Amino acid sequence: MTDSQQSKPKHVMMMAAGTGGHVFPALAVAKQLQQQGCQVSWLATPTGMENRLLKDQNIPIYQIDIQGVRGNGVIRKLAAPFKILKATFSAMRYMKQLKVDAVAGFGGYVAGPGGLAARLLGIPVLIHEQNAVAGFTNAQLSRVAKVVCEAFPNTFPASEKVVTTGNPVRREITDILSPKWRYDEREQADKPLNILIVGGSLGAKALNERLPPALKQLEVPLNIFHQCGQQQVEATQALYADAPANLTIQVLPFIEDMAKAYSEADLIICRAGALTVTEVATAGVAAVFVPLPIAVDDHQTANAKFLADIGAAKICQQSTMTPEVLNQLFTTLMNRQLLTEMAVKARQHAQPNATQHVVDLIQKM
């Protein structure tokens, strides 16, 4: 390696598009790479949410025109090879122009052509899969990638290039105090159990409609914090209207400080997206996961099993959420010692150093 090559900062192109589940972990890694002196650029789609999320992040964006083909109509599928080829050439042009040294793909439509472009140019590729079941793009790229990162064990067949890193999470989540300390403090203060229900930014209608009737049947003192989405506040409040006196209820459109919410919760009831499961484990909170039934390849159930299989969480499929089933489940869980044990197990299986682990792997390529 020449002196000029040694003095040139490593240029890493990030590839992530479409959803926050892809973009947020990639952004955490990108910011850490920048802090270590790397030059970072981002391969994006023209209309994806990544453009909005990266607006003030001081990361230059380069767009290629690509859309998903899985499950779409015949005409789009026939046109797909030509669109992929065009997008691949566009990505190759950017990579040569920018003198990219390494490429890191985190999923989304953009990662396919980008990974292929890097492969054709001889640029090393790292991919990161956030879910317990690999997405279509990452499953294909795993064949040509130099390093394959998985958030959950056994997502990919065992290989020297496969590394279980966990999912990168925000610093405020990794800084939450230990679950044993938090739960013991609340027990010593003889506080009611805190139940946190998180339906996401749009609100999970099934959680909003089915949980209040079941929770109202419980006889123990509870503080319920129910995040239901902006459009479902009034309807959710109405379902709690005749709640008994042992329940203290707050219905919220959204929660700005999730780290605080995690730290104060004894039990969380939520979907099982990859980042949600990762944050629950990192925070150390007992959980009931209700996987999204329409998730591709039922990956949310696979995500939830990561914690359920070690006794840190329960899985309740949406199709089984009857008042009787929920009442039986919640009655079992209204035990602070059990919840403490679940929370401790969750934290024990977290990987809070995932961001730095992925960064180190990129730096070594």
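In case you wondered, yes, glycine gets a Cβ from its N, Cα and C as well.
If you check Swiss-Prot, you get these features:
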BINDING   THR19, GLY20, GLY21, ASN131, ARG170, SER201, ILE255, ALA274, LEU275, THR276, VAL277, THR278, GLU279, GLN300  UDP-N-acetyl-alpha-D-glucosamine binding site
Coarse DSSP state, helix versus strand versus coil, of ILE255 (UDP-N-acetyl-alpha-D-glucosamine binding site)
coil
Could you check what DSSP calls THR19 (UDP-N-acetyl-alpha-D-glucosamine binding site) once collapsed to helix, strand or coil?
coil
Cβ-Cβ neighbours of THR19 (UDP-N-acetyl-alpha-D-glucosamine binding site) (radius 10 Å)
16
Just to verify: the residue among ILE255, LEU275, VAL277 with the fewest other Cβ atoms within 10 Å, which of the binding-site residues is it?
ILE255
Local backbone state of ARG170 (UDP-N-acetyl-alpha-D-glucosamine binding site), from DSSP in three classes:
coil
Could you check the binding-site residues GLY21, ARG170, GLU279 and say which one's CB has the fewest neighbouring CB atoms inside 10 Å?
ARG170
